[in-house]
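Below you'll find the structure, written out as structure tokens, and then a few comments.
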């Protein structure tokens, strides 16, 4: 099947054609007078034409009908999605959300469009084996890129470039302007990071060298797959534009790309392929060593958003408080948990939940974690076994919506209590031990 075959290599120049139509990619040019099989040539640009070559992103799509053939867009209800960041007052407190509930089978059906940088969460349940997004609906984001993190249940993502099956402990990135739909196979839940004005790229490795962290070869891109489907009742394209949702109708499937080539395409990555770097002598390294992808700002070393993971690894640092240190940060830190138990907070921070530590808001290990690790015998140990936590980190201050603070009713108002048992260990008569 199309979703079991992929092309490898982050940001590569790819060429793919559906095997049902061999020779559908034009030879030697992008826009011939007549394309093979009577297809239309259409370019999708993810960067300005004049961007430097390393940053220039575009792909050529060869499709049965061009995407311009549709009825006018009209504004549609946005549900809990909002572009009004002033609907509630700012709140600098540490925040934690309990796991979001997957809708019951008796609840009204919702699709990927109806659920909720921007940080989004989705929960969805479907009992039948396969659901085409509300029969005939697809989505595209004109505002920015989506990084999708499934937490529960696998999802089948159909795009103009082909199909991707994405499971928990995998991520996928749908870049700006790409049309896609999502099929589910039971209960699903997950997180989405949306970035504006930049695309994700691999972080620079500096003195680490040529290899390490997320290796380019492990990023997978879909192969061309098309459907030549007429939809007389209307196929709905949902377009996120300037924070609002718009819909248009067309009488054919948008997934009608027979062949494509270029370097601007959706992709997925298995987090278990991440090559972890860690301290092997003393101290706790900064979490930037766990960066999978970064969307850079115009200021060197400062990200619009980083995607960071905390995977299973060895802890071997001597004379060291091994869990994360207490911290105040000029960045916003949103954390989620895919599976397992996060080392700094083994209680309360649960799979499917989340936390937000805003710019300069103090955070760190809870009281139980501190007391246990101050007296622990330091032997080599496995850390975060069968656990995968992640962080969306941004240089921007995050506004939490009214839905996130009030409507969802998942905000844990007792979160601050995990630090209340912290007690003073100060001893003015302390003397260094004799060695």
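Backbone N, Cα and C define each Cβ position, glycine as well.
Note that TrEMBL annotation is computational and uncurated.
What TrEMBL says about this protein:
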- 1-27: region 'Disordered' (REGION)
- 6-271: domain 'Homogentisate 1,2-dioxygenase N-terminal' (DOMAIN)
- 272-426: domain 'Homogentisate 1,2-dioxygenase C-terminal' (DOMAIN)
- 284: active site, proton acceptor (ACT_SITE)
- 327, 333, 363: Fe cation binding site (BINDING)
- 342, 363: homogentisate binding site (BINDING)
CB-centroid shell, 8 A cutoff, Fe cation site 327, 333, 363, site residues removed: 324, 328, 329, 357, 361, 362, 364
Sparsest-packed of the listed binding-site residues (327, 363) - C-beta count within 10 angstroms: 327
All-chain count of other Cβ atoms within 10 Å of residue 333 (Fe cation binding site): 21
Distance from residue 284 (active site, proton acceptor) back to residue 333 (Fe cation binding site), taken between C-alpha atoms, in Å: 18
Distance [Cα-Cα, Å, rounded] between residue 363 (Fe cation binding site) and residue 284 (active site, proton acceptor): 16
Pairwise CA distance, residue 342 (homogentisate binding site) versus the residue listed as 'active site, proton acceptor', rounded so that it is a whole Å: 16
Integer mean pLDDT for the domain 'Homogentisate 1,2-dioxygenase N-terminal' (6-271): 90
Local Cβ density at the residue listed as 'active site, proton acceptor' - other Cβ atoms counted within 10 Å: 15
Number of Cβ atoms other than its own within 10 Å, given for residue 342 (homogentisate binding site): 23
